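Asks: Could you have a look at this structure, given as structure tokens, before my questions?
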Amino acid sequence: MTSSAPKPQRGHFNLLYFASAGSFTGKDQESLPAPVPIGKLFSELESRYPGIQAKILDSCLVTVNLDYVDIPTQGEEGAVIQEGDEVAIIPPVSSG
Amino acid sequence: MDKIEHLRKEIAQREAELADLRARLAAEEKLSCAESEKKLDDEEWKWPLEEHDYQRYSRQMIVPNFGLQGQLHVKHAKVLLVGAGGLGCPAAAYLAGAGVGTLGLVDGDAVEVSNLHRQVAHATSRVGMMKVDSAVAYLKGLNPTITYNAHATHLTPQNAEEIVSQYDLVLDCTDHPTSRYLISDICVLLSKPLVSASAFQTSGQLIVLNNPPGKGPCYRCVFPKPPPPESVVGCGEGGIIGPVVGTMGVLQALEAIKLIVKGDHLKNGLINGDVEEVKQVGLLLFSAMGDVPFRTVRMRGKRKECFACSGDGTALTLNELKTSMDYVQFCGVNQPVKLLQPEERISVAEYERISQEHRSHLLLDVREKEHFGVCNIKGSINVPISRFTAHRGQGSDLTDLIPADVAPDSPIYIVCRVGNDSQIAAKKLKDLGVDRNGERFVGDILGGLKAWKETVDPSLPFI
């Protein structure tokens, strides 16, 4: 997980994948175009990583710049992610 | 042989001598303790802690803001740890060391050798013993002056109230979503703060819930929906690095001590009015391999519509928890995959024959590369399942799934750990047209490496 990762390029934001989100996508983080509403980001992720919606996104929590944000319900767009933001996909870890 | 027998006898004799010495020492100590207590009684001990407490706990008592009051809180605290595994062992060790007056442990499992790399309160000599008994044996060695309660059972909706109500703070050190929701619910209903931690592979999470009781968010507020059961992988299958889970357990003990020293565990939701402010709740994320190993994300407070803690008339009651909550159903049961028809699957015996006859074929092992590296079937090629699930539809290049030098009519057999992922991979290849409408066999090996170990090669070191 890298906030010391390179700053996102202009017009982009950094998306961090924690725990099982990281193993599902095979990535710790990536840079994606901004601005984008969270609802749209989720459908974009589903087309990049088929199955991620049901397996990860439906049960994860999402933060923008370390603050919890509500996940929009079906059909809504939700908060808009801005250029330079750091967004985290945080699925629950259950083991111990 | 004689030599071995002789050594065994000698060890037994020495052990008997040692046991005798220990018994004599214990008797002497008891005598001298009684004498010194009598002496002290005569002089009347005038300090709030006992003499041995000052010796044992002085190093933490002199830390700023801990003090005598902090130690008194710790001494009178009753803390329950649910789970005596990778989190519970280090957490219990530090809480016992700190002098928590009553420490309860709940666990229905026995110690296995594969636990020992991380579950530091257990021992090779105690493999097979109940984890709670093994942990208490270790903890008594560390601090014999406090009270231990061993609950050798799993926490269930039926026994949760009876067990949890004996304590004033709970640590969730379990390993499955079902227990995480149950523990959170019972803590909400009995007004107990909850320190929840978890760890998997190289990641960990830590959060203090229901603190103060009735005010802070519960586990359901943070994760209202459990992850789908097929994505829940335990440490037995997915692995865990010892110090990662150890770090989380130690941090859990620290959060518990912070709470106890402040006396927050005694507030019990009984504060009048709304004077008590709920502090910002943070979820700590530990990524051991990351450039930034620790992050804290700021959580919202309680969820208004929370099923457990919303506090309105529709919320869960103790009676409902006991009689009608089915946590297994709520979290879902992992159904075996059924993607292939019987004629698309072969047995391990059949595959053994095929390989002995040197028939041209391709055997793909779709387990993760670390599993493959530990042991595999001779001649198999490793293509992890994630490469199949991530593969983009038809018309795309297949060389990342099937080596280019394989004859286009060679049958393809797919094997995994127990025979679930192998079906997913075979189905994907068929969807991509690799079987050329049935001209080429594409199928999997029933029961995977587990069946191979059971019927063909019992020497496989791990599956």
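Cβ coordinates are placed from backbone N, Cα and C, and glycine is handled just like the others.
Note that this is a predicted model, so its numbers are computed, not measured.
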Asks: Match it up for me: which of B:4-31, B:144-171, B:284-311, B:312-339 does TrEMBL list as coiled coil?
Replies: B:4-31
Asks: What are the helix, strand and coil residue counts for the domain 'Rhodanese' (B:357-461) according to DSSP?
Replies: 33 helix, 14 strand, 58 coil
Asks: With a CB cutoff of 8 A to chain A, go through the binding-site residues B:Gly86, B:Ser114, B:Arg118, B:Cys221 and name the hits, or write none.
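Replies: Out of B:Gly86, B:Ser114, B:Arg118, B:Cys221, B:Gly86 lie under 8 Å of chain A.
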Asks: For the recorded Zn(2+) site formed by B:Cys218, B:Cys221, B:Cys306, B:Cys309, name the remaining residues of the chain with Cβ within 8 Å of the site's Cβ center, in chain order.
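Replies: Filtered neighbour residues, in order: B:Ser184, B:Val188, B:Asn210, B:Pro217, B:Tyr219, B:Arg220, B:Lys302, B:Arg303, B:Phe307, B:Ala308, B:Ser310.
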Asks: Say we define neighbours as other CB atoms within 10 Å of the CB. Which of the recorded positions B:Leu116, B:Cys218, B:Cys235, B:Cys306 has the fewest?
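Replies: Comparing Cβ neighbour counts within 10 Å for the recorded positions B:Leu116, B:Cys218, B:Cys235, B:Cys306 gives B:Leu116.
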Asks: Determine, to the nearest whole angstrom, how far the Cα atom of B:Cys306 (Zn(2+) binding site) is from the Cα atom of B:Asp175 (ATP binding site).
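Replies: Pair distance, Cα basis, whole Å: 23 Å.
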Asks: If you count other Cβ atoms within 10 Å of each one's Cβ, which of the binding-site residues B:Gly86, B:Arg118, B:Asp175, B:Cys221, B:Cys309 has the most?
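Replies: Going through B:Gly86, B:Arg118, B:Asp175, B:Cys221, B:Cys309 one by one, the largest Cβ count within 10 Å is at B:Gly86.
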Asks: For B:Cys235 (active site, glycyl thioester intermediate), which of these binding-site residues sit within 10 Å, Cα to Cα: B:Leu116, B:Arg118, B:Asp175, B:Cys218, B:Cys221, B:Cys309?
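Replies: Correct set: B:Asp175.
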